[in-house]
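Below is one structure, written out as structure tokens, with a few remarks after it.
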Amino acid sequence: MKIVADENLAFTDYFFSEFGDIQYKAGRTLTHTDVQDAEALLVRSVTAVNESLIQNTALKYVGSATIGTDHLDIQALEKQGITWANAAGCNAQAVAEYVITALLHLDASLLEQQEKFTLGIVGLGNVGKRLAYMAQLLGWKVIGFDPYVQLDSIENVSFQTLLQQANAVSIHVPLTKKGEHATYHLFDEKAFAALQPNTILINSARGPVVKEAALIEDIQRTQRKVVLDVFEHEPVISEELLNMLALATPHIAGYSLEGKARGTQMIYEAFCQKFGYDINKRFETQLPACEDYFSGHDLKAVLKQKLSQIYDIAQDDANIRACVKEGKVEQKAFDLLRKNYPLRREWAAHGGPQA
């Protein structure tokens, strides 16, 4: 069997080499010719899997080792009779830890604020519910908005109420452009007007959920602290926007070693189900041991002392800013940051909590 795989997927050889010949390709520039005689295609979110890519091919299976599906033309896949799978929730823990790291980097005193600090979570799916759990471990008050999901463990409120009450807002919705609850430009001029000026905003979901022009106007007006891991015009990012952000990272919020490995394992399991193979591999057997920071210690004390050793978000911020050339970060530089990213470990690898 011929398998075409994104060159940046983790542990592809471990999971798939026994099944056939793996050909590695750059995901963003994948062509119909690349996949024409392949039976399986393994991708990330940078590959648009659409009708022009998949029609008149030998493809029987497409697996995306990512949580989202907005890059997959599901209708076209099903029309062609191609089985597809994604990896919903694979990196949810990593994203939740990213958000908490960003908040504590901006204000370490949040560790002492308990319920004086209110975190508003927009989207209560795989990431949102884990973030709620982790935030409550720190004693924070958590409110959430999701038109489809309610969590018993938090106060569920309207979007407008969340914008007005939260000290920080973290976005965890898929990108959708149709329907009553479309998320495209969910954060527009109206939403920013409802936010308190000192409310922190974090987007680690999908770039176009936040309308960039409205965001720039808002920061100019309020001096708001904003953290972006995703961008509306990604992979190109303007220097003007970067200079306004409190923290910027190159779409790596979910880039933990565990998250990457878990994503590949999930599409491996779907692959095995499709082709009738036994599922007999686990990513945990491939991970190196880590130094234990948390066991037997107070969670807040460890985060106060070891946060930058667990994940140095300031270095990621510095790296993306160093890529600015002629007023912007170009696609090539952005993609290289992601390709060469030193995958961090989740807190649990250091003996810490996990949602």
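Just so it is clear, glycine is given a Cβ too, placed from its N, Cα and C backbone atoms.
Substrate binding, as stated in Swiss-Prot, involves T66, Y255; the candidate among S45, S109, S295 given for that site is S45. Among the candidates D218, D229, D292, the residue that Swiss-Prot annotates alongside D146, G254 as binding NAD(+) is D229.
Cα to Cα, G254 (NAD(+) binding site) and S45 (substrate binding site) are separated by 12 Å. For the pair formed by E234 (active site) and H251 (active site, proton donor), distance between Cα atoms is given as 9 Å, rounded to the nearest Å.
Taking Cβ-Cβ distances under 8 Å and a sequence gap of 6 or more within the same chain, the neighbours of T66 (substrate binding site) are R44, S45, N86, A87, C90, G263. Cβ-based crowding with a 10 Å cutoff singles out D229 as the top-ranked of the recorded positions D146, R206, D229, E234, G254.
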